[in-house]
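Here's the structure, in structure tokens; my notes come after.
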Amino acid sequence: MMGLSLASAVLLASLLSLHLGTATRGSDISKTCCFQYSHKPLPWTWVRSYEFTSNSCSQRAVIFTTKRGKKVCTHPRKKWVQKYISLLKTPKQL
């Protein structure tokens with residue numbers, strides 16, 4: 001009986017680690033969805049890049065990546081978000 005419990009525990013642990021591994025590998029930005037937005041505007045000097053969430057997500061969002069690599073979900077209709085997107089699209093002058 002104890003062998004059956006141990007076997008069940010090992011099987012459960014294996015399945016869980018497989019699931020977590022898949023979630024980690026699949027965490028590129030195109031598969032990231034946002035479930036809440038940041039309430040405060042980011043300082044412009046922190047922003048490095050942006051991307052939109054996938055169409056398969058339940059709500060649209062703009063994900064800004066900071067210079068430190070942090071990803072921040074923002075509402076795409078906020079004026080400051082639209083301004084930052086516009087600034088990031090503009091080619092930089094040398």
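Cβ coordinates are placed from backbone N, Cα and C, and glycine is handled just like the others.
The disulfide bond annotation in Swiss-Prot covers Cys33-Cys57 (among others). Within 10 Å of the C-beta of Cys33 (disulfide bond) we count 14 further C-beta atoms, all protein chains included. A coil conformation is recorded for Cys33 (disulfide bond) in the three-state DSSP classification, outside any helix or strand.
For Cys34-Cys73 (among others), the entry in Swiss-Prot reads disulfide bond. In sequence order, Cys34, Phe35, Gln36, Tyr37, Ser38, Thr53, Ala61, Val62, Ile63 constitute the residues six or more apart from Cys73 (disulfide bond) in its chain with CB-CB distances below 8 Å. In the three-state DSSP assignment, the secondary structure recorded for Cys73 (disulfide bond) is strand.
Annotation comment: Swiss-Prot describes 1-23 as signal peptide, evidence class experimental evidence.
Least crowded of the disulfide-bonded residues (Cys34, Cys57), judged by neighbouring Cβ atoms within 10 Å of its own Cβ: Cys57.
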